[in-house]
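Lifted from Swiss-Prot, the feature list:
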{"type": "ACT_SITE", "residues": "D251", "note": "active site"}
{"type": "BINDING", "residues": "H17, H19, K103, D251", "note": "Zn(2+) 1 binding site"}
{"type": "BINDING", "residues": "H19, L20, R21, N45, H140, L223, H255, A267", "note": "substrate binding site"}
{"type": "BINDING", "residues": "K103, H140, H178", "note": "Zn(2+) 2 binding site"}
{"type": "MOD_RES", "residues": "K103", "note": "N6-carboxylysine"}
Amino acid sequence: MTAPSQVLKIRRPDDWHVHLRDGDMLKTVVPYTSEIYGRAIVMPNLASPITTVDAAIAYRQRILNAVPAGHDFTPLMTCYLTDSLDADELERGFHEGVFTAAKLYPANATTNSSHGVTSVDAIMPVLERMEKLGMPLLVHGEVTHADVDIFDREARFIDTVMEPLRQRLTTLKVVFEHITTKDAAQYVRDGNDYLAATITPQHLMFNRNDMLVGGIRPHLYCLPILKRNIHQQALRELVASGFTRAFLGTDSAPHSRHRKETSCGCAGCFNAPSALGSYAAVFEEMNALAHFEAFCSLNGPQFYGLPVNAGWVELVRDEQQIPGNIALADDSLVPFLAGETIRWSVKK
């Protein structure tokens, strides 16, 4: 029997879905991402969403100002799609290298999404322009109708929004973000080269029982919400198969402790401190470490048409305890897996 590996050396990874927030929160969380990842797709859902080139440039600079000396990190900015977005502004941002992609939030699907798209038809001219440009569309794939059960919103989105959209715009590059269901896993697997998916560590590690049995665990509450075990297993099998159109997207989404531990808590897991080690643990459990580097470091650049990162990262089998909280101005952040021990950690 071969002894388990003690070191994993991979090409420096990228995070293809992260929330860095703004202000004091941004200054606190950016270093956890910039230390490990060469690039990150930064979500545009600030309180005032990023809908113009100038706003994206200013936000990018605030991010870069928060990157510690010695970290080689490039934030990749995204445009928040709204019903009234100017297609010319989007094209200008793409050509000038400011916007890497555009994000479709169905209105009121998640944090700061009230400005989101009310219907795909409302933004069809923008999407047609994106198809011509080869600009990726990043999709939060849930319907938000009040009569649809929260656990069914992703599957319903595939049938009523995603598939009709892709039938209409056959060469539009689409990233189905943070997929959570066997329906989405199969849909992406069956798709063509214009369709890819990101998957979070929490959706690979946990299911809704982990969040709800024996007490509510608010720090596992995110959107899309954790699903049944059968869906978790489908996601694990997808990544373990070496499927090349699935890649790392943490959806790290920090909220202060008092906004999570409350009678109406916010959705999001702040997983940046432990995500890479968490992914490694899942791949090891699935006997799929041979596919770990591709998921973290190769598949995303291939889909986006970008070069892989030049540097390397080493993970070591060295148990580390995740801190119970992280200081944040006059509050604190509770990270994903707070107080728990993970068996893979990034070598400093």
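Placed from the backbone N, Cα and C atoms, the Cβ positions cover glycine too.
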Checklist line | Alpha-carbon distance [N45 (substrate binding site); D251 (active site)] in Å | finding: 12
Item checked: Within 10 angstroms of H17 (Zn(2+) 1 binding site), Cα basis - binding-site residues out of H140, H178, H255, A267 -> H178
Notebook entry, point to check: Within 8 Å of the centroid of the Cβ atoms of H17, H19, K103, D251, which other residues of that chain place their own Cβ, given that this set defines the recorded Zn(2+) 1 site?
Noted result: V18, I41, V42, M43, N45, L138, E177, H178, G249, A253
Checklist line | binding-site residues near K103 (Zn(2+) 1 binding site) (Cα-Cα within 10 Å), from L20, N45, H140, H255 | finding: N45, H140
Notebook entry, point to check: If you draw a 10 Å sphere around the Cβ of H19 (Zn(2+) 1 binding site), how many other Cβ atoms fall inside it, taking every protein chain shown into account?
Noted result: 26
Next item on the list: Would you identify the secondary structure of L20 (substrate binding site) according to DSSP, in three states?
Entry: coil
Notebook entry, point to check: What's the longest C-alpha separation between any two of H19, L20, R21, N45, H140, L223, H255, A267, the listed substrate-binding residues, in angstrom?
Noted result: 19
Next item on the list: Reduce the DSSP letter at K103 (Zn(2+) 1 binding site) to three states and note it down.
Entry: strand
Note to self: Using CB atoms and a 10 A radius, I'd like the single residue among the binding-site residues L223, A267 with the highest neighbour count.
What the structure shows: L223
Notebook entry, point to check: What is the number of other Cβ atoms found within 10 Å of the Cβ of R21 (substrate binding site)?
Noted result: 24
